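Pulled from TrEMBL, these are the features on record:
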type    : residues                                                                                          : note
DOMAIN  : 12-212                                                                                            : domain 'YjeF N-terminal'
BINDING : ASN59, ASN60, GLY61, GLY62, ASP63, GLY126, ILE127, GLY128, LEU129, SER130, ARG131, SER132, ASP155 : (6S)-NADPHX binding site
BINDING : ASN60, ASP122, SER158                                                                             : K(+) binding site
Amino acid sequence: MTGEQVLTAEQMAECDRHTIEDIGLPSLVLMERAALAATDVIVKQMSTNKVLVVCGVGNNGGDGLAVARLLWLKGIPVTVVLIGNPEKATAQTKTQLKVCQYYGITILEALPELDTYTTIVDAIFGIGLSRSVTGKFATVIEQLNAAAAGKLAIDIASGISANAGTVLGTAFKADVTVTMAYQKIGQTIAQGPAYNGDIIVADIGIYQDDHSIEG
Ligand SMILES: NC(=O)C1=CN([C@@H]2O[C@H](COP(=O)(O)OP(=O)(O)OC[C@H]3O[C@@H](n4cnc5c(N)ncnc54)[C@H](O)[C@@H]3O)[C@@H](O)[C@H]2O)[C@@H](O)CC1
Ligand SMILES: [K+]
């Protein structure tokens, strides 16, 4: 079903759309499955002494906020940094933000001192990255890269072009990437492999050819 195929950002976005609009699986269900998959890898493979989840305001950030909540509910110390204007967040990400606020998870607007964090989760940009990373986003990514913590990227290392595999300005350097449904072509070419770390493809219920699936 998933695994071997490699998709462009546009193909992946079309698969997302098809699953949500044509099949009818709610977007928040897919986001929850993405977050459960990433959380599982964090718990099994990363140090959970103190986790920092750095989120943008797109749906990649929504995945990150859901991960933060799932870690929190397991009793793992977690802090969120939200970069970007929350008023511009997607509907799903606004919902995830509200839920994190309900649980009293600390949500910062700027990076804290990174020395004590054992794992950093990158949920800044996913396949929606559309231009070069500059300004505060670039500064944050460079500071994260300089930290000693283990690093996990959600879907794709922020700053890597999902189609070309090139670094768009600057990019997060992950030890592990949990990518949703299919690898993106940019993870397999150019600088992509050097920034992914180990790739884990998570089956979250999105299939490119769902008519060929046998029950
Ligand atoms: N559509 C869905 O239902 C699902 C989406 N998923 C997640 O959603 C991600 C895609 O979400 P989106 O399409 O919302 O996009 P992203 O979350 O990847 O990023 C889009 C946001 O980043 C901004 N942006 C793009 N390039 C920028 C730059 N260089 N500097 C500053 N801001 C920049 C855009 O204006 C927008 O606000 C996937 O990678 C995956 O992590 C998963 O939750 C699975 C289901
Ligand atoms: K990311």
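Every residue, even glycine, has its Cβ placed from backbone N, Cα and C.
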Contacting binding-site residues for ligand 2, chosen from ASP63, ASP122, ILE127, SER158 when the Cβ sits under 6 angstroms of any of its atoms: ASP122, SER158
Protein Cβ atoms within 10 Å of ARG131 ((6S)-NADPHX binding site), excluding its own: 7
Rounded to the nearest Å - Cα separation of ILE127 ((6S)-NADPHX binding site) and ASN60 (K(+) binding site): 8
Integer Cα-Cα distance in angstrom, SER158 (K(+) binding site) to ARG131 ((6S)-NADPHX binding site): 11
Listed binding-site residues with Cβ under 6 Å from ligand 1, out of ASP122, ASP155, SER158: ASP155
Listed in sequence order, residues not in ASN60, ASP122, SER158 with Cβ within 8 Å of the centre of the K(+) site Cβ atoms: VAL54, GLY56, GLY61, GLY64, ALA123, ILE124, PHE125, GLY126, ALA153, ILE154, ASP155, ILE156, ALA157, PHE172
Alpha-carbon spacing, GLY61 ((6S)-NADPHX binding site) to ASP122 (K(+) binding site), which is rounded to whole Å: 9
Whole-number Å value of the largest CA-CA distance among ASN59, ASN60, GLY61, GLY62, ASP63, GLY126, ILE127, GLY128, LEU129, SER130, ARG131, SER132, ASP155, listed as (6S)-NADPHX-binding: 22
